[in-house]
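Novice: Please read through the structure below; I'll follow up with questions.
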């Protein structure tokens, strides 16, 4: 049977490359930077331009499909996940990196049907690396098959996370104390490149053993989530329970045992879900 979504995925790859060109071009020019929810939650005219290009191009080709986009939500649209084929888009994952010219910026496109991830495309713009994952077909970076690490021992693990954009003292305190508890297990280390999508792709590629974060959104995870699972990894809630795309929290791990061990150390930050008003 023909794969009904392969054409959509091929189109997503083409669009992600086009978006990457816009991002690289914009880096040469003066930026117009705006602030969203906190002084560290930034958006630029390029975020908005890229999202507009992606959504209008997809709408033209697939008018019956639904969309959740980071900048559309910031502008007041709702994040409602239905059973309809839905494109979940982060036009620039790593906007703060983009603003500073720090070389990790990604375009993330996730495609969800019946609330399940069908494919994901994450394009690392400055590195010119294309990560893809297709349900039942594996995960790849520029055509090379990805496989998570075999690491089950937390004391030999390298984790990836982010400090997030909240600057509320209590939230910052919890984030830092979670890192402290994990480091003192002890583990090999904690890294982070400033984009959840690429951090998750590093788990898929086997160069990091697990990623965890609270406070991120469905558009940060929808592209890379299926890349992790198709590379043999697991997604779970930060509590160790089942993963929920709209919950704003995730552990992406090379295996279940490692993910559950990390979950034991983490204090939860209470967050409003993406699908709550």
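Glycine too: its Cβ is placed from the backbone N, Cα and C atoms.
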Novice: Can you find which of 77, 213 Swiss-Prot lists as binding substrate at the same site as 70, 92, 93, 94, 95, 194, 195, 196, 220?
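Specialist: Among the candidates, Swiss-Prot records only 213 at this substrate site.
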Novice: Nearest to residue 70 (substrate binding site) by Cα distance: which of the recorded positions 90, 92, 168, 220 is it?
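Specialist: When the Cα distances are compared, 90 comes out closest.
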Novice: If you count other Cβ atoms within 10 Å of each one's Cβ, which of the binding-site residues 90, 213 has the most?
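Specialist: Output for this query is 90.
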Novice: Can you figure out which of 90, 92, 95, 213 (the binding-site residues) comes closest in space to residue 220 (Mg(2+) 2 binding site), comparing Cα atoms?
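Specialist: Given the candidates 90, 92, 95, 213, the nearest one is 90.
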Novice: How many other Cβ atoms are found within 10 Å of the Cβ atom of residue 95 (substrate binding site), counting all protein chains shown?
Specialist: 23
